[in-house]
Amino acid sequence: MQTTIQQRSGASAWQQFCEWVTSTDNRLYVGWFGVLMIPTLLAATTCFIVAFIAAPPVDIDGIREPVAGSLLYGNNIISGAVVPSSNAIGLHFYPIWEAASLDEWLYNGGPFQLVIFHFLIGIYAYMGREWELSYRLGMRPWICIAYSAPVAAASAVFLVYPFGQGSFSDAMPLGISGTFNYMLVFQAEHNILMHPFHMLGVAGVFGGSLFSAMHGSLVTSSLVRETTESESQNYGYKFGQEEETYNIVAAHGYFGRLIFQYASFNNSRSLHFFLAAWPVVGIWFTALGVSTMAFNLNGFNFNQSILDSQGRVLNTWADILNRAGLGMEVMHERNAHNFPLDLAAAESAPVALQAPAIG
């Protein structure tokens, strides 16, 4: 019988903790960015779920007209949202301890700030964790670069846009219909559909979907035949097998004949770089567009650009968009004291011919 005696490690508890955090042998890599990511995302997720279910109405416009967003106050999954913090709070940081009571904090939309700030810190840390794991494994850092696109988009709608507009009440609500409401109001106030950076983002998202579907279907179809002509190719493979089944030469030949030769990649790395770069660059541009429109550098205005020989306006698609935007804007601003300036821009009639003497 043999007895094995293992010498106790002389490492301190802190050193053991550091080794565990940075170990790539863990089932899920933690990393130093993970130490920040885990608690912040847990806090954001917990607060979001509780607020979505049970938060009381929020005075989003700061005019004592609370808007209910939670399920217990009559909403469903589609209409429910975590309502942004009040316009009365503006850009002030509004943690729980800044409110006189918990009821006041809830009424002014404090949970929204708690969720978005923890969420943003969490996704920034997740991006850093992607780089950290790549570094530990000796990989190149492009995974976190690709992830920076949705991070930039989230930062644009939750942080940059409220900064530019002067209030967190202008941020995107955390819900399905709230997202659509944000998009409609954004079009009304900034004409985003006529902004080139938004157009690049649309090309990036839809083009990325198209290229992804084309690539996946082409790879799935380009099998190395392991069977005879008289039986199904599928008999030559087991799902999930380790051996290579895909022939890039065959795929290149097929696609080159389907479109034309130079539309097809014969280099796998070039192909996958293109598949990654196309949507990422498109979403970068959209985030940049939202960030510039946050400061009212809006989309192109081609309203009433075409006139006939008599000076009458010939409406174009730009004029149709403008009319739709005006309608969305007056529905959005329910309180009359904040009437949209572009609708109130008619010539003002004097109410007094002479200013009264003062004193």
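Cβ coordinates are placed from backbone N, Cα and C, and glycine is handled just like the others.
According to Swiss-Prot, the feature chlorophyll a ChlzD1 binding site maps to His118, an assignment based on sequence analysis. The Cβ neighbour count for His118 (chlorophyll a ChlzD1 binding site), using a 10 Å radius over every protein chain in view, is 20.
Sequence annotations record features per position, and here Swiss-Prot assigns pheophytin a binding site to Tyr126. Annotation for Tyr126 (pheophytin a binding site): same-chain Cβ neighbours under 8 Å, separated by at least 6 residues, are Phe33, Met37, Leu41, Tyr147.
DSSP assigns Asp170 ([CaMn4O5] cluster binding site) to a helix. Here Swiss-Prot flags Asp170, Glu189, His332, Glu333, Asp342, Ala344 as [CaMn4O5] cluster binding site, drawing on sequence analysis.
Same-chain residues at least 6 positions away in sequence with a Cβ under 8 Å from that of His198 (chlorophyll a PD1 binding site) are, in sequence order, Ile192, Thr286, Gly289, Gly299. Among the features that Swiss-Prot reports, chlorophyll a PD1 binding site is placed at His198.
When Cβ atoms from all protein chains are considered, those within 10 Å of His272 (Fe cation binding site) total 12, not counting its own. What Swiss-Prot records for His215, His272 is Fe cation binding site, and it gives sequence analysis as the kind of evidence.
Per Swiss-Prot, the feature quinone binding site maps to His215, Ser264, Phe265. Taking a C-beta cut-off of under 8 Å and a sequence gap of six or more, Ser264 (quinone binding site) has these contacts in its own chain: Ala251, His252, Phe255, Gly256.
Residues or ranges marked as site 'Tyrosine radical intermediate' by Swiss-Prot: Tyr161. Around Tyr161 (site 'Tyrosine radical intermediate'), the C-beta neighbours below 8 angstroms that are at least 6 residues distant in the chain are Asp170, Ala171, Met172, Val290, Ser291, Met293, Ala294.
Here Swiss-Prot flags His190 as site 'Stabilizes free radical intermediate', drawing on sequence analysis. For His190 (site 'Stabilizes free radical intermediate'), applying a Cβ distance below 8 Å and a minimum sequence separation of six or more within one chain yields Met293, Asn296, Asn298, Gly299.
For 29-46 (among others), the entry in Swiss-Prot reads transmembrane segment, with the evidence type sequence analysis.
The annotation transmembrane segment is assigned in Swiss-Prot to 118-133 (among others).
Only residues 6 or more beyond the boundaries of the transmembrane segment (142-156), in the same chain, are considered here, and those with a CB under 8 A from a CB of the stretch are 119-120, 123-124, 126-128, 130-131, 134, 276, 279-281, 283-284, 286-288, 290-291, 294. Taken from Swiss-Prot, the feature transmembrane segment covers 142-156 (among others).
If you look up Swiss-Prot, you'll see 197-218 (among others) marked as transmembrane segment, on the strength of sequence analysis.
According to Swiss-Prot, the transmembrane segment annotation covers 274-288 (among others).
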His272 (Fe cation binding site) and Phe265 (quinone binding site), distance between Cα atoms, whole Å: 9
Neighbourhood of His332 ([CaMn4O5] cluster binding site), C-beta criterion under 8 angstroms, separation at least six: Asn181, Leu184, Val185, Ala188
For Glu189 ([CaMn4O5] cluster binding site), nearby residues of its own chain (Cβ under 8 Å, 6 or more apart in sequence): Asn298, Gly325, Glu329
Binding residues His215, Ser264, Phe265 (quinone) - maximum C-alpha distance in whole Å: 11
Beyond the flanks of the transmembrane segment (118-133) by 6 or more, those residues with Cβ under 8 Å of it: 24, 29, 31-34, 36-37, 40-41, 43-44, 47-48, 141, 143-144, 147-148, 150-151, 154-155, 158-159
For the quinone site built from His215, Ser264, Phe265, further residues of that chain with CB within 8 A of the site's CB center: Met214, Leu218, Ala251, His252, Phe255, Ala263, Leu271, Phe274
Rounded Cα separation (Å) that holds between His118 (chlorophyll a ChlzD1 binding site) and His215 (Fe cation binding site): 36
